[in-house]
Amino acid sequence: MSSATDRPEIKFGPYEVTKQIFLVTAHSFALVNLKPIVPGHILVCPRTAHLRLTDLSAAETADLFTTVQRTQRLLGRCYFSPPGDVSAGGSFTVAVQDGVEAGQTVPHVHVHVIPRTKGDMGASGTDAIYDKMAAEEGNVGGALWDVQRRPSPGGGMARVEDAHRSARTAEQMEAEANRYRALLEDVAGGK
Ligand code: AMP
């Protein structure tokens, strides 16, 4: 696999995210999040900046979700106890906000892969992640849409300006991407 530095620039919608990327496949890439809802919240995207899930070919769709599976195995190693136990060590919220009415704020298909562990939402309960997502105002991801129309909250996924979520520095994100890249070599994709 190539490193982030010897690849051409890669964009997530309008954003240049080359150094945040830790995995590139034939049709997809995975990147660390500017404002993760919980540690390990990453995104998987098609390399072609399709707007909607239905715009993907069969090959792109299969590759996208095989890549999601691989990132799940990776994240299980990093965030679950015992490490890597995806079936018993923890769970995932895997979500696509497919279109503005569903809350999509970056005009490039992206699958949210969010590792979930017991009690991660505190006393509010497991499904509080959806309340948290729906209640947020504004978003960094939608900044470019402001030129025309900022999507109004409609989906369940977290808006990036949630008071509880802070934007990371480029260095923090690059360090996370480097950590994942180093671990990925022995993490498989689909079954
Ligand atoms: P959505 O609201 O479903 O479109 O999700 C957008 C996601 O993109 C959120 O998880 C944001 O935190 C994330 N995001 C926005 N801008 C960036 C960026 N420049 N780099 C990484 N993640 C980003």
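Cβ from N, Cα, C; glycine included.
As annotated by TrEMBL, active site, tele-AMP-histidine intermediate applies to HIS110. Less than 8 angstroms from the CB of HIS110 (active site, tele-AMP-histidine intermediate) sit PHE12, LEU43, VAL44, CYS45, VAL96, each of them six or more residues away in the same chain. Classification of HIS110 (active site, tele-AMP-histidine intermediate) by DSSP places it in coil, neither helical nor stranded.
The substrate binding site annotation in TrEMBL covers ASN33, GLN97, GLY103, GLN104, THR105, VAL106, HIS112. Reduced to three states, the DSSP call for GLN104 (substrate binding site) is coil.
The domain 'HIT' annotation in TrEMBL covers 8-123. Broken down with DSSP, the domain 'HIT' (8-123) shows 33 helix, 29 strand, 54 coil.
Per TrEMBL, motif 'Histidine triad motif' is recorded for 108-112.
The site 'Important for induction of apoptosis' annotation in TrEMBL covers TYR130.
When the record's substrate-binding residues ASN33, GLN97, GLY103, GLN104, THR105, VAL106, HIS112 are compared pairwise by CA position, the greatest distance found is 17 Å.
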